[in-house]
């Protein structure tokens, strides 16, 4: 690591300045909102002014003690602090150029992704078991802590595990590869195991509070849909499942917008049983339907290759062309295949 590079151990509250954007909800006290109301908002998951500005009025009214008149006042003051009107394409382009990408550990994979996992958006990884989804997540949990000039995000990682597949020993191996201190890398990963769909949603509220306090560059959910498949069964609960899933995805989108973090979600696949199956080479589709498809900015399809090799295909992206890349899973995480 270069002498000017930031040590992951030093990533913390001191680095969470105005440069990183989100304003704490307490900022509203300067504009006539009482400290008790700000505290109630924070307890309900609204830890930043941005989170309030992005929230519909009917949601604010659910906060205990917030009347309609008070909600109007809070939203009006939040709108003054957070620009949400029209801007020129030139200004938007300049903001887009400030976004960074987090390296995957594979040059082949980074090449088709334009540098790695984009911050400020949601990237979905879907595929069968043993296609490298969780291994890629483990590698990203370390590379997000690297300095920007090494392909990192200079921030911590928040990891929500729904399948009990998180293994710290994998992080230590990846850390050694990149010359990072293993203990410090583990300290910079905030881990939580989700046990049901409601708990998964509650963890997202806790994530918002943590991101308001310290600098995070990556949020991982591995996997997005496994608990929904067990908590909601049959067609009778399909509508309730999709509504709950949509609420969770909206929370992910809000965190990506507020804090500029890269959000990476993994997804399982299910076999297609319609008439089109006979004409399709790969008769499997990701779970979650259109709700997940529309929420994900970039969708990556992973499949097995020869030996430890895996193939990633860009299935959907607003700015990247469809392309394939071959990568491998090694003891030190995601790597390029060795010929």
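Including glycine, each Cβ sits where the backbone N, Cα and C put it.
Region 'Disordered' is the annotation Swiss-Prot gives to one range among 1-21, 22-42, and that range is 1-21. Under a cutoff of 8 A between CB atoms, and with a sequence separation of 6+ in the same chain, the neighbours of residue 133 (ATP binding site) are 125, 126, 127, 222, 223, 266, 302. Secondary structure at residue 131 (ATP binding site), taken from DSSP and collapsed to helix, strand or coil, is coil. Fewest other C-beta atoms within 10 angstroms, among the binding-site residues 127, 128, 129, 130, 131, are seen around 129.
There are 26 other Cβ atoms within 10 Å of the Cβ belonging to residue 132 (ATP binding site).
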